[in-house]
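Look at Swiss-Prot and you will find 136, 198, 221 tagged as NAD(+) binding site, backed by sequence analysis. Sequence annotations record features per position, and here Swiss-Prot assigns substrate binding site to 244, 266, 269, 335, 368, 422, 427. Residues or ranges marked as Zn(2+) binding site by Swiss-Prot: 266, 269, 368, 427. As annotated by Swiss-Prot, active site, proton acceptor applies to 334, 335, with the evidence given as sequence analysis.
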């Protein structure tokens, strides 16, 4: 990993000012354009148009083209879903159940807090869950049951009436059993074997098989992200997720092995993942770098890890923790680890992060699977203005206005005066009539 020294150098390297198109990595975009013969955004817009026009036929056609799965129907039957639990190792099923209980407890606690606020606002505001949401879970060659739990359980706890899940099938046309088992545990209502931009379009506009939803949540590749961007406004979305990232703030007391293991775990995601260590200790920087370089060769995904660390890995040595915290706030990482002495006292200084992990046992991996908060987090600096997926993503508020005689007497003339000033005479008249 590259090691740099000094706040100014670190600030320059960690600046995101030139990363406005974070989910459109130029290398990836150029390669995709070469392979497709068209810009990815144009390709996605074409897929969306086809799905709007041809419905299920287009979704099935693109599933055959991109996933090599020749399906006659898109929906996964309930017998197949119910059987999935018996097809996975008991240890995995129990682990998924434990993770689900943690996620459920966390979001139930949040729900209670949200509903208490609603009680305080009684008579002024209503809170209502969304009717139907669509969850996108990556699939195909890999499977991610954890993402099923992390997106579906917050929706279920919020009171969403119907949860639809889409995920790409394998070439055999099947959804992996762990994904189906997780969906059953989380309370997903319906599952469809499709992915990519075609699945997002189907959720946004509806087809004969796939119902139109109110909101689409979940991470995906560049095509999924561009499709979510394109349909926003027709439906709501949770955000535009880019490559995963971790930023570790560490002092001389930090465990170098722990720092290195979290860096390797992050780099293991994909070649675009970012792994950053900011430390006040030159000695720790060198030890972590040595461990990472020696262990990278022993990992099964060594090629991905090496490319990720080469392109997006960084160690910065700064003078003090205050400088490190300032850099962390500037970067607004998806995952922020505080591996420093008395780490809890620095929580109040953190303004921008998707999720904060503090205490030396708090590996990001715990947040990925079992800690409780959703692992669907803002990336690429969007933690400056957006939040992790949670209960509030699946509810909406309706304001209430009640006006009695005292209210109209007190406020009516002011409303009419403002309306007249804006040239809206009928507005003014609607109020003045009530003052008669």
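Every residue gets a Cβ built from N, Cα and C, even glycine.
Model, not experiment: these values are computed from the prediction.
Every protein chain considered, the tally of other Cβ atoms within 10 Å of the Cβ of residue 335 (substrate binding site) stands at 26.
Taking the centroid of the Cβ atoms of 136, 198, 221 as the NAD(+) site, the other same-chain residues with Cβ within 8 Å of it are 138, 166, 168, 195, 196, 197, 199, 200, 220, 223, 224, 227. According to its DSSP assignment, residue 335 (substrate binding site) is in a strand.
The Cα of residue 244 (substrate binding site) lies closest to that of 334, out of the recorded positions 136, 198, 221, 334. Here the recorded positions are 334, 368, 422, and the one with the most other Cβ atoms within 10 Å of its Cβ is 334. Closest to residue 266 (substrate binding site) by Cα-Cα distance, out of the recorded positions 136, 198, 221, 334, is 334. Rounded to a whole value, the Cα-Cα separation of residue 422 (substrate binding site) and residue 198 (NAD(+) binding site) is 46 Å. The secondary structure of residue 221 (NAD(+) binding site), as reduced to three states from DSSP, is coil rather than helix or strand. Secondary structure from DSSP puts residue 269 (substrate binding site) in coil. For residue 269 (substrate binding site), the same-chain residues that are 6 or more apart in sequence and have a Cβ closer than 8 Å to its Cβ are 243, 244, 304, 308.
Residue 368 (substrate binding site) sits 12 Å from residue 334 (active site, proton acceptor), taking the C-alpha atoms as the reference points. Closest by Cα distance to residue 334 (active site, proton acceptor), from the binding-site residues 136, 198, 221, 427, is 221. Annotation note: residue 368 (substrate binding site) sits in a helical segment as assigned by DSSP.
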